[in-house]
Amino acid sequence: MLPSTIQTLTLFLTSGGVLLSLYVSASLSYLLYSDILLKFSSKITAPTMTLDCANASNVQAVNRSATKEMTFLLPEPEWTYPRLSCQGSTFQKALLISPHRFGEARGNSAPLIIREPFIACGPKECKHFALTHYAAQPGGYYNGTREDRNKLRHLISVKLGKIPTVENSIFHMAAWSGSACHDGREWTYIGVDGPDSNALIKIKYGEAYTDTYHSYANNILRTQESACNCIGGDCYLMITDGSASGISKCRFLKIREGRIIKEIFPTGRVEHTEECTCGFASNKTIECACRDNSYTAKRPFVKLNVETDTAEIRLMCTETYLDTPRPDDGSITGPCESNGDKGRGGIKGGFVHQRMASKIGRWYSRTMSKTERMGMELYVRYDGDPWTDSDALAHSGVMVSMKEPGWYSFGFEIKDKKCDVPCIGIEMVHDGGKKTWHSAATAIYCLMGSGQLLWDTVTGVDMAL
């Protein structure tokens, strides 16, 4: 790899080591020596020396210094690739971000009103993203905070573990739908906004706004509401455009350093695919568990080959139906592609891979309630093919009880030194209806250790206070 970052440092050298001149006044200087062995090519230039003495006739100046200019070549950070998952056989509660437990704070310390949270990680840090209504609680701008789309919504982030307050949050761009991912060198941010009939995807790479993508069905162009996925500098983003109660065909955008370099048009069962949660099954394949808001309670499942840039969609065949609302498990008859009933409506689902040397685990989340966005459970299936395996998924534990809200969920992976830690995040919405504020907490569960998932999460928020 050829480095592209070149930094030039000029050091003043003497025979004993490195000489740093610190000018304390117009006529005084102090010399600091350190023993450093430097092995770089250099060039010598004539020095400049100024003497300022009260009795210059009694001073003999001997110049034994020279200016030595050296060029340090700093390599670019490496592109990221999926690695084996860190060891573990169960998920445990890792973190709760419940901003409105601090709802008595005002001003810059006030928590932002948010929804659609997700988490994305780079090599050195994870960021907690969300879509804010440009309002805080407490405050006077609660009206409209239950709306999905308006002109005030923005994609924001904080470092994972920070509370998304006015003071802590970075505002990335105007957006009512969003995604983000890190390619190993820089962050890519995705935001969608505009009128329903002509929405626009905007891409930001680092601090620069770099590209756009226009609506292709003129019916609420939108994206994942979770992290996009990068390998070798290429980042893959799922988008869709179409009716919430009819046809909505998805596409994938291949993005490199903030610019779209290819469109991918999936084949197969393409009638309705939205809000995909995606991750790497291997260095060759991205898999996504998605939402069909129109026809079925089964999840559309995408396999995207990053070597050929082709994608295919089929319905998950398991008798454990993962959408909400949904019929009784196992009640849909016929082949795997059968839609069944209770397919209208839906919810974004959590999905993450556990990559092991000899097998792969696929972890999923779904609400405990079959009809309401309440509770959240964890399921797993090792190996097999989600397109053809009809058996029930293995139940792994309760992350959110039936008494607590369980709305959107998502997957992400934390980068350890030599392996990746799979995690699932859960949006726990404080639903105040249309008369007061409407916002969310985030619960996080990660793979760690063995045994059973031990404890569920509560938000601890009373909206009446």
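Every residue gets a Cβ built from N, Cα and C, even glycine.
The active site, proton donor/acceptor annotation in Swiss-Prot covers ASP148 and is backed by sequence analysis. Per Swiss-Prot, active site, nucleophile is recorded for TYR408. The annotation substrate binding site is assigned in Swiss-Prot to ARG115, ARG149, GLU274, GLU275, ARG291, ARG373 on the grounds of sequence analysis. Among the features that Swiss-Prot reports, Ca(2+) binding site is placed at ASP292, THR296, ASP323, GLY343, GLY345, with the record citing experimental evidence. Annotation comment: Swiss-Prot describes 13-35 as region 'Involved in apical transport and lipid raft association', evidence class sequence analysis. Look at Swiss-Prot and you will find 88-465 tagged as region 'Head of neuraminidase'.
When the Cα atoms are compared, the residue listed as 'active site, nucleophile' and ARG291 (substrate binding site) turn out to be 11 Å apart. Each residue in ARG291, ASN293, SER294, TYR295, ALA297, LYS298, PRO325, ARG326, ASN339, LYS342, ARG344, GLY346 lies on the same chain as ASP292, THR296, ASP323, GLY343, GLY345 and has a C-beta within 8 Å of the C-beta centroid of that Ca(2+) site, without being one of the site residues. Within 10 Å of ASP148 (active site, proton donor/acceptor), judged by CA to CA distance, lie the following binding-site residues from the set ARG115, GLU274, ASP292, THR296, ASP323, GLY345: ARG115. Recorded residues ARG115 (substrate binding site) and GLY345 (Ca(2+) binding site) have their alpha carbons 18 Å apart, per Cα-Cα distance. Counting only the Cα atoms, the space from GLY343 (Ca(2+) binding site) to ARG291 (substrate binding site) is about 10 angstrom. All protein chains shown were included, and the count of other CB atoms within 10 Å of the CB of GLY343 (Ca(2+) binding site) stands at 21. Confidence across the region 'Involved in apical transport and lipid raft association' (13-35), taken as the mean pLDDT and rounded to a whole number, stands at 32. Nearest in space to ASP323 (Ca(2+) binding site), taking C-alpha to C-alpha distance over the binding-site residues ARG149, GLU274, ARG291, ARG373, is ARG291. Of the listed recorded positions ASP148, GLU274, GLU275, ASP292, ASP323, the Cβ environment within 10 Å is emptiest of other Cβ atoms at ASP148.
Using a 10 Å Cα-Cα cut-off from GLU275 (substrate binding site), the binding-site residues that qualify among ASP292, THR296, GLY345 are ASP292.
Secondary structure from DSSP puts GLU274 (substrate binding site) in a beta strand. With the fewest other Cβ atoms inside 10 Å of its Cβ, the least crowded of the recorded positions ARG115, ARG291, GLY345, TYR408 in this structure is GLY345. All chains included, 17 other C-beta atoms sit within 10 angstroms of the C-beta of ARG149 (substrate binding site). Across the structure, GLU274 (substrate binding site) and THR296 (Ca(2+) binding site) are spaced 13 Å apart at their Cα atoms.
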